[in-house]
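So that you can see what the record holds, here are the features copied from TrEMBL:
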- ASP117, LEU118, THR119, ARG144, GLN160, ASP164, ARG313, TYR317, TYR318: L-histidine binding site (BINDING)
- 1-44: domain 'WHEP-TRS' (DOMAIN)
- 48-393: domain 'Aminoacyl-transfer RNA synthetases class-II family profile' (DOMAIN)
- 333-356: region 'Disordered' (REGION)
Amino acid sequence: DLVRQLKASKESNEKIDEEVSRLLALKATLGGDATPANQKFTLKTRKGTRDYAPQQMTLRQGVLDKIVQVFKRHGGEAIDTPVFELKEVLTGKYGEDSKLIYDLKDQGGEILSMRYDLTVPLARYLAMNKISSIKRYHIAKVYRRDNPAMTRGRYREFYQCDFDIAGTYDPMLADAECVKIVAEILNTLDIGDYVIKLNHRQLLDGMFEACGVPANCFRAICSAVDKLDKSPWEDVRKEMVEEKGLDGATADKIGEYVRLSGGADLVEQLLADPKLKAVPNAVKGLEGMQLLLKYCALFGLEQRISFDLSLARGLDYYTGVIYEGVLKVDPSPAGSPAKSSQNGEQAMEQGGTVGSVAGGGRYDNLVGMFDPRGKAVPCVGVSIGVERIFSVLEAKFAASKVKLRTSDVEVYVASAHKGLHEQRLRVLNQLWDAGIKAEHSYKLNPKLLAQLQHCEEHQIPLAIVLGDSELAQGIVKLREVTTRQESSVPLVELPDEIRRRLQK
């Protein structure tokens, strides 16, 4: 009855799902969780999750392989951490987004939560193992109780793809390399034109101070500014004033700054601003941006970066440089406004941009939160929005009607007539032992036409056709599937000949 009332009052699906879960848990406690024998199941993936078919997995794996190549080129080492953490490890690290953390039931006296990102688990890992320097990458699933927008790559279960540099180094050298990594990955994936927005958390705090924002409101106002990528200034100002209690005149002063963007010339302009010059945090942030832009220029990134004061990134743990890679043109045929990225950032089509596909920044104090002595390990990193990238590429391939190969099979062993299944197994064993990817039919006497059609359908480049007369001579027919040309090859030379053909 309660669920019916919630539906009648048009409550959110999330609230209804929570109530249903609570009632099911109560039912289980009362011993009523036995499943009736005639119960019909509704087969579907849960809200914010999806299954992936072989074609989609092939595309996804190809993207991840390219990203890993870039990470390794920059000296990255892989690590992995558990999918859940103690709730206290995650609590208080994400600002307003903390409400999106998935909590688990008490597990033997431990209160656990599903990991929200890969950065906080990294910080816990570094503190726990007393590691003061590492250059690591980590690709794994994370979980958020978010409102999904699945057609645009926003899920409750999704992959993050992180690269972080931990250690005490000279200013902006590691930060600039992270920006370079974003550019290399987006260039390699070829998903469209993009811009990498840059800003500095110290500059934001200095700007808030110069505008008269109370120090205890910095994070809340920063969270509001972070919404400028998807909401107009008028809406953000309204949130600052009506929801967060900021003085209207102060909000207007912030508005004068957060709508500025440019390059080194903008840094010079702001360094000369009397209000900012009077605030040490703002000056430090601007000097840091000056150095970062210089290093980015040495990396050949001048045409790819923009110093943008509207970039805030709401996560509480950032302390220095912050950046975000944004697609400028949507290569998908729909061309509809993007509303998400897998990092949890949202973006509407605004000023020629359609979505965030990478984000990160410096977080120097996070590791110290977990160290008993508060020992800090400075860190800077980037997270690639692979789910958003997958969505864009899936749409692109669907429009082109290109069929991706879903297996790496190089040769198919076929039989021309009945009674050759044992000979097929011998040839297969010879090929597998030689490291060649091969398969055959699991029928004893398959029709030759069906076997060759399988090769064409699955884009297998070569087929071996076995026949009694050829086997008696110690040879087989090697067929190129696309041209249908056949030639006789001695069995002993078969692996070498296959390799030669595949290298053409």
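Even glycines carry a Cβ here, placed using N, Cα and C.
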Averaged pLDDT, computed only over the residues in the domain 'WHEP-TRS' (1-44): 74
Cβ-Cβ neighbours of ASP117 (L-histidine binding site) (radius 10 Å): 21
Fewest other Cβ within 10 angstroms of its own Cβ, chosen from the binding-site residues THR119, GLN160: GLN160
Distance in Å spanning the most remote Cα pair of ASP117, LEU118, THR119, ARG144, GLN160, ASP164, ARG313, TYR317, TYR318, given for L-histidine: 21
Residues near TYR318 (L-histidine binding site) in space but at least six apart in sequence (CB under 8 A): ARG201, GLY361, ARG362, TYR363
